[in-house]
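K.L.:
In case it's useful when we look at the structure, here is the feature table from TrEMBL:
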type     : residues : note
COMPBIAS : 630-640  : compositional bias 'Acidic residues'
REGION   : 618-640  : region 'Disordered'
TRANSMEM : 20-44    : transmembrane segment
TRANSMEM : 204-225  : transmembrane segment
TRANSMEM : 232-253  : transmembrane segment
TRANSMEM : 273-294  : transmembrane segment
TRANSMEM : 315-339  : transmembrane segment
TRANSMEM : 382-400  : transmembrane segment
TRANSMEM : 522-543  : transmembrane segment
TRANSMEM : 549-566  : transmembrane segment
């Protein structure tokens, strides 16, 4: 069937993979249900701002809770949580026994009497007694000793993460710290990560903008690439890899020898740093080896990117495509994180004796979180797939045009309209296959964390082999997906038919196309490594100054993941353009013979480049075979 197919961009199309598009709509209906549920039942501010014993979140206005007369107060100017009995805290069943209030400032000096509490409230506007007790009643009310903090009140200062007033008295501090350490260590890992993300949200946003700037710089560099620029990029990548690896090992050594490392979050930071350092070192060694081996094909790569740059120059709006993709991804990621934070704090407020309020987690939150996480992977891959199909469609329209002096108008807008009218289902199916390969890897990682405590060597080895296998399958699937999208843009067929036709063409022309795209993809990968390295280095410097109770290594991993997606989104313009162009070239060579009846669509520059690259590859193979054709004396054997 593939041999008889007429490979041309069709004019009249039909919708492809409509059932997959319908399934995607149903999946997003479930995400909308989770969004509504999390908004109604969640309160992300409780993770960072803190709340008092009466259900009021510090630092904001609150709504009343039924059965709690002291709830629903305006705490805009009261941003700190103060415990009435901070020197003798207890935590039965993960609940702090002492009453807590929202105050505007923590007492800087020790307060020994009710008169001192009254003076502090009048001078600083910070009331340390129960809300319904007026300042003038501190010394007159006979129950003031029960409604005010235990005397003497030790001096305290605000804690940077959870906005708690931490006592500075050595005895009180040791007791307070032990209870707080127990509470944080027993806290669910999911909530600790959310706390770290919220606490470092400004840093995460800043690093994301930094990754955007680096990606844009790399795109401009590849657009106007020269030999010196490639050498500079390789030198920066090598420097970045070595520097980031050295900083990771130094931070691991610093944290490991820090005697104050007691919290579980800090121990997790040490573990993650060790893993990052080992992974970074392995990647550095592998990439340095590949750079040394492939250094002789540098000039060939420069010619490749100059040709791709000319193609993009003829379709200039392709350079703006990653910007729109990035903006859509940012909007989706902000939405996803907001829903995740609300979902992590979903709980019902229940009143207890004395008008106090407790928040109890709702059932089924864990399953919703996993569903929400699958939505992150699938939707992100779908957005990237739409970008790939848009670029491939524009390149196909430009390539299969007989009159090179009169190109088709607005090829990018035409490709976008074709995508949204006919081929969204194909993008959904391709992104779903990538998601189905990522989910087992995540499940294996979760299983590995469970089995890690038993220190089973067999389980560790099996885990690493499975993860490596899934990664290889995902890389191969991404490669074939990209060519399947290009084939869909040409023939208007569904995903499976396009994939079959693309495999047929690639198999017949593998010797020609492999040598061309291999090193070009490697240079593009170095560009992505450049963006990730320098973004992670900025994150290391920023997060290293905030060690208090933060699982900051996990937000750093999130920043690295976002930086890679940004760089991949921008540099995929060159990758998809090159792959689509050479697939069109293979189809052109397959269906035409250069005669007057079947002339080629390819221009002379691209044809000359492919011929030179094939001669270079054949010459290298011939030189590698020559030692076997020589005798012991070093003279070449001649045919009789």
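In case you wondered, yes, glycine gets a Cβ from its N, Cα and C as well.
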K.L.:
Looking only at residues six or more beyond either end of the transmembrane segment (382-400), which have a C-beta under 8 A from one in the stretch?
P.N.:
8-9, 24, 311, 314-315, 317-318, 321-322, 325, 328-329, 332, 407-408, 411-412, 414-416, 418-419, 423-424, 426-428, 430-431, 481-482, 485-486, 488-490, 565, 568-569, 572-573, 576-577, 580-581, 584, 588, 601-602
K.L.:
Six or more residues beyond either end and a Cβ under 8 Å away: which residues meet both conditions relative to the transmembrane segment (522-543)?
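P.N.:
Residues packing against the transmembrane segment (522-543) from afar: 200, 203, 206-207, 210-211, 214-215, 218, 221-222, 230, 233-234, 236-237, 240-241, 243-244, 247-248, 251, 283, 287, 290-291, 294, 301, 305, 550, 552-553, 555-556, 559-560, 563-564, 566-568, 571, 574-575.
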K.L.:
Are there residues at least six beyond either end of the transmembrane segment (315-339) with Cβ under 8 Å to its Cβ atoms? List them, or say none.
P.N.:
34-35, 38-39, 44, 197, 208, 212, 215, 219, 223, 372, 375-376, 379-380, 383-384, 386-387, 390-391, 394-395, 398, 411-413, 562, 565-566, 569-570, 572-573, 577
